[in-house]
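Engineer: Just passing along the structure, written as structure tokens.
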């Protein structure tokens, strides 16, 4: 960044913002880069501002029992705030004085006041000076207030972030990520630009009092008639606003529904295409969109009438103000024109400035109190440790994760007089407190000495992770004693990668030791991986390590933990994403050798690990099931395998037990036993969803973290009703959310309290920060080119009879995200608060975009032409009326000099001729007609623009759904979703009304200039250069401002990225003590954004000031042209000066509106880009290499037409297949060929990332491919994409359950009857589950089917495949995250329902391969072997290296008696009781 010219600028340059000229000039001539931005002033640095506010807040906390954040802010910023407020007041006072001078100038042209004609020149000079003074006062004041608002936001940003890093885990469990993001975006954005309005809460009343005093002097009591009109107008606008908010609230729910479905579809686009559901999904979304648009139109009409009421109310205010005076004293032109000027200022103060100021204070005070409450939340308590301790001891520890339990626990401890703390060893000891709810850990005791390895095992939710959190101090024990040295290193279950290089992620701020670093790299098997990167360990990793595979992330996370020199290493399932060979090597070299002298606690379920551990702790439902050595385990606990692997799963419960479990599950999600309204009529069968839907989805839509959640179906804890829900208690303020677009999911969505009518739940489930920290990212398991292709390895979701650990983490069963869904779209700030990915677009919108936008809907051109015609009629009528009135009044003035009385003011002129009154009445009639025409002009325009938005959404949705997968591999998911959320919100809400305002203002200005020029032709000559100056200034500023806005948006992204990253790795940060380092990184991100935002504010003020300076010059010319060229008669000079004075504000408004239109049209440009995306049908398919198959295409096409039941056999031939994820990218599969016979079962083998999933995607034509694949002799070049994919049944890694009923999820096209659906549900084991839900098949699943276990969701996919009656079944690790029982159900179904089908299976488990006849081994992008299992075991292969002796025994039982005799395929009975070894998770 460059040094800012502001530091060496003089007073003149600062006053006129001339120091911004270099950046404006550079932005006009070339594209701006981040290096072109100026450094921020020292006073604006986040370090200084946060330190200042933190000091005052600490002072407030120390001095008072009831601290107030507003007091801390007052001590920091009050005096500067008041100084700029005083400047603003003085600038506004000049507006009230200007009409006085105008009245004197008009009066001087009365023939009776000829002796004052010479004073007119001085009055004109005074009027011009008032404009100059106002310009010099107003702009520095507004800029200063914006600057203070920016500083307040920065200081509060920092304060909130620092507090976030200190919050206790219990508090984090009750605060959603959406709330935190909302605190930093929704609430704090109010300070930036809103602070300039704050002073109008006292300026506007003073101004009204001053204006009413002046009007009283001019019109006496009739002045209050105009004020009464304004009060009525304000009440009318308030009523319109209330009506509009009702429509918007109802519409917000519909927007949520549409965006939920859209987000789910985009996030699962591979599944949508694999199932050929594009048309069904498109119809579903468009149906929701139609309902949404009906409410959008109603809300837009309300806002249109609100805006129009302001524009057209001016005439009635003036007319009713002067009417009583006119009827009693006659028409006095001076009074009329002076009243017009007074009323314009009065109208702005009453209807705009004061309401806006009140709203700003209301919102800001509410935001301050919310931030204050947040800053007073319970903090993470650092336990006191004994550094000389070498052992790790836990004695009789019991702890709770219960939701809403934090405050209860604190109060209980405070009130427990028997609580004692040992002063000897400074360890925490807690006494018994009787509380309801099952503890997550119950009476846990163990002791491990230095250098020992403790293996912690147990089923899902047993309390393994909670045990580690207890040791780290994240979970505070209710009772018991913990003892260790406190020097801890930690590797989380779901690897956390911070943005930075590989080296930075491993060293993580610890002092660098080359030898230790290299040893750790080698032990964690990272040497080969790092050597493949061009930059080696200096390769920069994106947020979450998106460019790495899940295994690579896991190893880097483990290396980070091992590199730190600690006494105790906590390793939470570090091998979850590794293939079995890598896992064995790392366990031996790293855990057993490199860390041999260190105390280690390893969470694992592998038998090999348990055998080598010094001590074993098996947890079951939070209790210690076993503690001791492995040799004791088999003797004392022969049933340990079921506890270890979660064999107590849902499917083993009796029917009565299952029924009670499901009933309890449903009860937790309903306020009462009644059903709520739903998406459609069938949704009445659903449980109560009101108020929960938006909260659940706010953390899943456009999700930068789009997690794979860990649920258990069963939770026995009672529904907590005291969960934090700030949104229920807060005022119904307008909100918006800001999520970084650098995240894979980013956008702002409207949030609604209601998906359907009904009461709001007091305890709405939301995604807690704790949940965010305890589940993987969407990218876990995916590689650089397999973006999102491999799901994270998830824990088994076997339900527990009591609330499990993972249940407690995810007790709200919500999908996660860092996104707050706003209740409605914030009209004022929406366009400012979205970040978008870096675009290589021009700095201004092209004319082609405008032309295409206007011509996409035929009626829009007609409406625009109608607007032009109505405008011409209005201008013509105005000219005729004004001329008649002016001339008539002038003639009467000359003949009525003797008719005035001495009781009137000495310069007043009374017009008593009756014809003049007729002229006035005619003018009133013309004005009423023009008012009606104005309403007629705007309403069709708004309606047509919303219709354009509808058409654009239809076209874009169709294009996206039909786009090839290569498009989705190159685009961020968030970028796509932003088009449907951010840009469609702009097209629906902001753009129509902004275009209307711009056209309305432009026509007003043109009309006023036309009238003034017609009355005084010389003024037209003066207006030409002024118009040219405006156009040039706008073009000059627009190029730079749009680039600065784009840079500012890009700079805003790291702030929220860093927040979410910090939250995800908060436990790691605390374990490593890196809070200060991350605070510094956050301040760096804040400073970067501040530099861009401050420069934008400065250049904006430069432009506004230049616009006003040009107008002041224009007004000076108009004033003196009028004074010098006007003879006797008040009419002409009155009209000219009044219109010229009031053109100023309108013209500035119009220029700003034009800039807003240009900015908003960039959304239209982005939408057009998506509309123009290529479609799959037109994507060329490359022929097989060295093969000319064109000669048989005609025959095959004819065959396809004849064979209606193709494919009939399922025989596949793959020839020279090459597959890539990106055009021009590396080949993931390179020139492979093989064939599969009809009905054959083939297993795919290979290490993680070898290309097994890629091959399945290639079969479905989801990748860029070359070569040929034939099914039953038909080439894929001869069959349309949709028909080709229908030949396959698919069970993907990533289960796709969209928000809809069971029926829709199984049969979105409605092809099957209920009987057929029930038959298939029974066949796959889902019938008993579906029957437990109200409505059964019509029960509505939301949020990815969170009420179902992962196994049940997998069975849904299996049911779809059965219904598809496909001849070829593709299974991509279907058992990766299943409990053993559900896995056996799938095996049974595959065996029975797909007997005659070709099955291609990618698996890690040996058991899953038992039914396969042949195996395809993929290594280094090629097919290495394609043989039977017997041949593979006789040859050197990955399979032979990975398989253990016990695995061979399972595959070949006879081998134990006679190794020379082998079975070609062992017989397996469904749901057989497996032995201890069979239960093991054996992976390849």
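Just so you know, glycine gets a Cβ as well, placed from its N, Cα and C.
Here's the feature list from Swiss-Prot:
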TOPO_DOM  1-77  topological domain 'Cytoplasmic'
TRANSMEM  78-98  transmembrane segment
DOMAIN    81-365  domain 'ABC transmembrane type-1 1'
TOPO_DOM  99-122  topological domain 'Extracellular'
TRANSMEM  123-146  transmembrane segment
TOPO_DOM  147-195  topological domain 'Cytoplasmic'
TRANSMEM  196-216  transmembrane segment
TOPO_DOM  217-222  topological domain 'Extracellular'
TRANSMEM  223-243  transmembrane segment
TOPO_DOM  244-298  topological domain 'Cytoplasmic'
TRANSMEM  299-319  transmembrane segment
TOPO_DOM  320-339  topological domain 'Extracellular'
TRANSMEM  340-358  transmembrane segment
TOPO_DOM  359-859  topological domain 'Cytoplasmic'
DOMAIN    423-646  domain 'ABC transporter 1'
LIPID     524  S-palmitoyl cysteine
MOD_RES   549  phosphoserine
REGION    654-832  region 'Disordered R region'
MOD_RES   660  phosphoserine
MOD_RES   670  phosphoserine
MOD_RES   686  phosphoserine
MOD_RES   700  phosphoserine
MOD_RES   712  phosphoserine
MOD_RES   737  phosphoserine
MOD_RES   791  phosphoserine
MOD_RES   796  phosphoserine
MOD_RES   814  phosphoserine
DOMAIN    860-1159  domain 'ABC transmembrane type-1 2'
TRANSMEM  860-880  transmembrane segment
TOPO_DOM  881-922  topological domain 'Extracellular'
TRANSMEM  923-943  transmembrane segment
TOPO_DOM  944-994  topological domain 'Cytoplasmic'
TRANSMEM  995-1015  transmembrane segment
TRANSMEM  1018-1038  transmembrane segment
TOPO_DOM  1039-1099  topological domain 'Cytoplasmic'
TRANSMEM  1100-1120  transmembrane segment
TOPO_DOM  1121-1134  topological domain 'Extracellular'
TRANSMEM  1135-1155  transmembrane segment
TOPO_DOM  1156-1484  topological domain 'Cytoplasmic'
LIPID     1397  S-palmitoyl cysteine
MOD_RES   1446  phosphoserine
MOD_RES   1460  phosphoserine
Engineer: Near the transmembrane segment (299-319), which residues from the same chain, at least 6 beyond its ends, have a CB less than 8 A from one of its CBs?
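Structural biologist: Here the qualifying positions are 226, 229-230, 233, 236-237, 240-241, 243-244, 247-248, 251, 336, 339-340, 343-344, 346-347, 351-352, 827, 924, 927, 931, 934-935, 938-939, 942, 946, 988-989, 992-993, 996-997, 1000, 1004.
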Engineer: Which has the fewest other CB atoms in a 10 Å radius around its CB: 524, 1397, the listed recorded sites?
Structural biologist: 1397
Engineer: Report, as numbers and ranges, which residues of the same chain sit near the transmembrane segment (340-358): CB under 8 Å and 6 or more residues beyond its ends.
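Structural biologist: 95-96, 98-99, 102, 197-201, 203-205, 207-208, 211-212, 214-215, 218, 226-227, 230-231, 233-234, 237, 310, 313-314, 317-318, 321, 1138, 1141-1142, 1145.
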Engineer: Would you kindly give the Cα-Cα distance separating residue 549 (phosphoserine) and residue 524 (S-palmitoyl cysteine), rounded to the nearest Å?
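Structural biologist: Between the alpha carbons of residue 524 (S-palmitoyl cysteine) and residue 549 (phosphoserine) there are 15 Å.
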Engineer: What's the CA-CA gap between residue 549 (phosphoserine) and residue 1397 (S-palmitoyl cysteine) in angstrom, rounded?
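Structural biologist: Cα-Cα distance, residue 549 (phosphoserine) to residue 1397 (S-palmitoyl cysteine): 33 Å.
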Engineer: Work out, from DSSP, the number of helix, strand and coil residues along the topological domain 'Cytoplasmic' (147-195).
Structural biologist: 40 helix, 2 strand, 7 coil
Engineer: Can you count helix, strand and coil residues in the topological domain 'Cytoplasmic' (244-298) using DSSP?
Structural biologist: 52 helix, 0 strand, 3 coil
Engineer: Across all the protein chains here, work out how many other Cβ atoms are within 10 Å of the Cβ of residue 549 (phosphoserine).
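Structural biologist: Here the count is 21.
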